[in-house]
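Remarks on the structure that follows.
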Amino acid sequence: AGLLLGHTVLGKLDTVNDLLFSHVSGIEIIDTTGLFGFVIFLFLMGVKMDLRVAFRSTKRAAVIGFISILAPITVGLIIFSAFKKPEQSKEVNLERLLGTTIESLTSFSVIACLLSELNILNSELGRLALSASAIADVGTLILVFVFSSMAKWANAPSVAAVNTAASIAFVVILFFVFRPMMFWVIKTTPEGKPIKEVYIVLIVMVAIGCSIFSHFFGDSPLIGAFVFGLAVPDGPPLGSALVDKLECFVNGVFLAVFTTTSTMRVDVKSMMENRSRFLFSIIFVGVTFLAKVLSCFIVTFGSFMPLKDSLAFALIMSSKGIVELSYFCSFIDNKIMSKATFSVLVLGILVNSTIVPLLVKLLYDPDSRRYAGYEKRTLMHLKPDSELRVLACTHRSENVSTIIELLDLTCPAKESPQVVFALHIVELKGRDSPVFIAHQKNENSALSSLENIFAYNQYEQNNWDSVTVHAFTAISPSKLMHEDICNMALNKQTSFIILPFHRKFSIDGSIEDENSVMRNVNCSVLDRAPCSVGILIDRRVADRGRKTLKTSSRMPTCSIGMLFIGGKDDREALTLAKRMARDPQVNLTVIRLIADHHHSGNIMDWDGILDSEILKDVKQKNEVGNSCNIMYAEEVSNDGPQAAGVIRSIVNNYDLIIVGRRYGVESVQTIGLAEWCEFPELGVVGDLLASTDLNSSVSVLVVQQQYYVELDRH
């Protein structure tokens, strides 16, 4: 838009030129508004940037971060020396040196925005890019401070001494006075309550004051706001509150104004007036870009990263955006850079920010290979006494107790142990970098992820000879939470994932709370999980505090119903139910819904043969042993309404009902129910059991078997 409105296109027309450029005060006001918005934007980028990422980075990320700056600067200086002429003015030398430096920098904010837009923020490549760019950004700040200080000391030593002392005092006050004050604000805010509005306003005012302070002492006003943003504690409740309050308006309005007014200054005609400047600008932009791409590519490819991933990573580290544009704007405002060079560099940013995302998307698609299930990781394919590896996901603390009860129902024993990977998923707010925490057994409670981690550890202690628990916390954007879940399930080779249902029910059976984020996560996991998945619906609100799924009594106390219609999901659900039935405290009833011969016909397909085979041992009661209580019953259902009637009649007889999802599978027994299905992720039967119209407090587990890919042998 800025290019179109500028001197290159519409600005040539007299009417547009008079409207936009004849009233100097008007365009200056818009410029100032855009700059003010960009100051707040950089402040928010500082808030969202976690400096600990830079200091906790791996050796590989540190090497990449430093090389991504040093390689293009070195090559740029070589090009500068090669093109330097004896009669060249100091102004031209300074312009070329600054241009080379800015083209060589790696901006954390730009890379974080690019990764977020491409939905690879918490991928392996994304995490490495964030770590490397955080180191590069800190290195850039130090280099800018050193170079600017050297220039000031060369021109006016006395003024430089005052400015340097003021800058050091500024940083010390921010991190050792203001930062503790903000931690005090967090400490005095009750848990779960928002930060008071007065504190938000004061912090924004201080950010603007920091910009004025840095400008007064000879630095860019952008640096003051950014450094203050780094001092603000990231994440909830303070960092997230600032981001929630400001980000939408700043990004949607101020940033658009700043970008538009900045690019309105581009004049393609002026680029050709000085051929030597134009040629040098084109060459150093291209050469520094290639130097950064090649250096990052060589380092990552040399550390055994795949070829395409290494190239995608190098392109990510070489991306340009709004931060580089702001530097060039400040140079042209301070008469350090000519309009011709500015125009070339801004057009270079436009080309870079257009092509790089397309190439990265073409080269790197983690979903296309990461979760492809070539290996069968289902409950059906486990040996009877093999280790059961389960990924238990929790979003809220109330999910924990029911999930632990379900885990206990799977009958862990010394002969068939259970390994639980407890993952607490938290939405990323107020920071750019996703966080993944592996909790230690002896971890301090203040550092842990709420009480759910300790509940899982207590479950392990109660079953010390048969259960092993590994606790983790993943903090990531809501649209990428499913990647943390699927990635962990793949890496830990789990056979089953347990997800909580997104609805919370009240005592009277109505909906108390509905979490749309969790529903989207559940749907995404079902679509791409590398193993089988179960969604647990907890409706036992009225019974909490006095009844659990299974108590410590020696008599059978837990009654489980398994509704079987047919298909692979039902077979997976039945396998889990039979595993639970090994426990003498469990009563299992398998209810098979069948259609009469008039409606079903006599054709037996392959699925029907597999169904009959898995039900054979249930009917004969010989696999699980004589001590187990397994009953088998058949109910006739010729359509959906009849199936609903059967379900309503039996639902209150059980503490837990297990069903298969059977998504997209049509059968005579449930025909017509799909038209009334509210939650396709539960299937038609699961949706009926989760309905508010069902007057019941029974817990429900909806099971989906893993979708795996058959390998082509030819």
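Including glycine, each Cβ sits where the backbone N, Cα and C put it.
Look at TrEMBL and you will find 1-360 tagged as domain 'Cation/H+ exchanger transmembrane'. According to TrEMBL, the feature transmembrane segment maps to 29-49, 61-82, 102-121, 128-147, 159-178, 198-218, 238-258, 278-305, 311-332, 344-364. The domain 'Cation/H(+) antiporter central' annotation in TrEMBL covers 419-542. What TrEMBL lists as domain 'Cation/H(+) antiporter C-terminal' is 559-706.
Helix first, then strand, then coil: DSSP counts for the domain 'Cation/H(+) antiporter central' (419-542) stand at 43 helix, 41 strand, 40 coil.
Using DSSP to sort the residues of the domain 'Cation/H(+) antiporter C-terminal' (559-706) gives these counts of helix, strand and coil: 63 helix, 34 strand, 51 coil. Here the domain 'Cation/H(+) antiporter C-terminal' (559-706) returns a mean pLDDT of 81 for the predicted model.
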